[in-house]
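J.: According to TrEMBL:
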- 1-10: compositional bias 'Polar residues' (COMPBIAS)
- 154-433: domain 'Protein kinase' (DOMAIN)
- 547-588: repeat 'WD' (REPEAT)
- 638-680: repeat 'WD' (REPEAT)
- 686-726: repeat 'WD' (REPEAT)
- 728-769: repeat 'WD' (REPEAT)
- 821-861: repeat 'WD' (REPEAT)
- 31-53: transmembrane segment (TRANSMEM)
């Protein structure tokens, strides 16, 4: 008590009258202090627990976000390299005002619930972007580090698609939204090309039925695109996958998908300037969200069509069965090609059948032909997919049949515009229209067309104007120009001109540096040694025979080793075997493919191979008897390519092995006895081609050269299929043809850039470039080449009808067959020299082959 009293006296010196009162006051103070300390400790402990919980939750979220919630999607195809998934939450309409309305929604992945933000966007953009960024229309510029974090360091478990152009990853951005990251292969030619195409085609586009480009990355050699993502698969999976006895795609849902696809294409054709031609409209490129809204994806093949142009001439690309006939035959592309493809897609939606299905009877393999036949025979109601539980009304079906037939009209000028097709599909008798109207009423938005007449933002308009007036540079540079600061059009033009001058100066300095590293070219060295050019006269090479029999353009030919027979392939769907001495046809072989693009004789001359747009290479034994229909039966079918078969050649001295090249960017070595693939060259391997393979040439039994539309030629060793031994650059256009030099140490190429080149395999250098003399010619593409036995002469066919005979040593043109009597009346598409060097055969678009005989001792040169 003394201590207590003492302490009380020190704390309360004025209160000495009552010891009991002092003790009570001190006790109360201690209790309050203790309570305060306890409360502070509890708060600190709660804060610490909260921080730990949040860190663990973020860690779990980081680990779980690689899981893919698409287990219920039917699997039908592994070709997901072209599928770019999209987020179904973006809902873009015409207009320049961007409104973002956020709502909370619970998502479930792998049995664990999580909250995420979903946005309804009208006018373009995403909820995780600022209003200013959305108005820009190009999306966000991501750093490589951000995308590495989003995909867990590009983890293999996050891969949702891969192919020749790149790999697609599923990623999660910092705000929790799921995206699809497409990493283009590190090839400065094709990666840059596709990056530019995709950014130009859809970078400034925002529409609810087009997959949105959220952003991109361009750091060093890396080129990546970030797209919206959805996990409900694509239309091909739901139409042709294993969905059970009743399809989840009811008639109303199918019409909703068709209408959404039509609106997306109509916006590309009629709502943008320049208009965008998709060029690859097919079911696997129509992505679907959980509400069955359609989004058109994959703009890697898209082409821009300027307002003043009615068409653009380009290499035929697309998917067999969807390509319009006029584009396939002429290469002239416009929006009518997309309309035809949409018509085929609409047939596919109605019938549930694939455009080309070789498992069906002969009369039903081609969907378009079968569909037209059924309608012509008044059996239209029988074309409806039997998996649809409730069939459409007769009126609705007739309307759709009419739309299909109008879209696939052989006269492209009679096909409707996509905007007209939208109005046809929006007829009042479709039940789902009332549902769409009710949704629009709830939104309380003014009535607007789905196909705007101008670009979605003022920045996109400025871009289109500058692009049309002042030309175009790399897509990345344009983004830097437009968004680095606010500049006037004149300032943009000045920067554009300065950038072009800088790039051209750098390009010339690189060329000069490369030339300085080489001693000299072949021609300069030969002239310094006093070599004289080969002398050729008009009578030294004479057309002695014309082989007539094809009804379509001739695309390929090959000689037998005994020099007396030739096989040719044509667009008429046939292979013809000719007797070169008598001009008689010994075999006329009908292939299941309507367009045969390549052919080859076996080393023994007992078999021929041919392939084309059906993605199959067929082998025929010429000694086999004809079948009941009088046709030579197929002895072996080599199927496995995912694109058209563009070229084939037998391995020397071996009838049992064949190498093919394809539009799927791969080459394949086949074992003909088993019909199986021995090796695949390219494709998933980074050292492979990044565009269509157009030609192959074999030297010996282990090495071959391939040429491609990626402007490169590649040397392969059949014993090491995983990578190309060497890649040869130099051309500025597609490499259409390759051919080994007689000694096997060099090879020649021909390209769309109008040049032939001679490469040395041992050094990798270009020894000589052979320029076509008519520099003002607008179409000097080299289509085919061949060397004489000694290699002194190079024969080159051109698309403008010329056929040059080059002196390879002095790089001089010594004769042009196109100027001789009885020459071809169309482009030269193929040529070949007989085994003994005594004759040259050429094929042309005029459907004929011509045999040119050498006079004197020319065959030994």
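Each Cβ is built from the backbone N, Cα and C atoms, and glycine gets one as well.
Keep in mind the model is a prediction, meaning the values are calculated, not measured.
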J.: What average pLDDT does the predicted model assign to the repeat 'WD' (728-769)?
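T.: 92, rounded to a whole number.
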J.: Work out, from DSSP, the number of helix, strand and coil residues along the repeat 'WD' (728-769).
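T.: When I sort the residues of the repeat 'WD' (728-769) into the three classes, I find 0 helix, 23 strand, 19 coil.
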J.: Go through the chain and flag residues at least 6 beyond the ends of the repeat 'WD' (547-588) whose CB is under 8 A from any CB in it; none is fine as an answer.
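T.: For the repeat 'WD' (547-588), the list is 329, 594-601, 603, 605, 608, 610, 612, 620, 622, 632, 647, 826, 829-836, 838-839, 841, 843-845, 847-851.
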J.: Which residues of the same chain, at least 6 past either end of the repeat 'WD' (686-726), have a Cβ under 8 Å from a Cβ in it?
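T.: Result: 164-165, 185-187, 189-191, 315, 317, 643, 646-654, 659-667, 669, 678-680, 732-740, 744, 747, 749, 751, 759, 761, 764.
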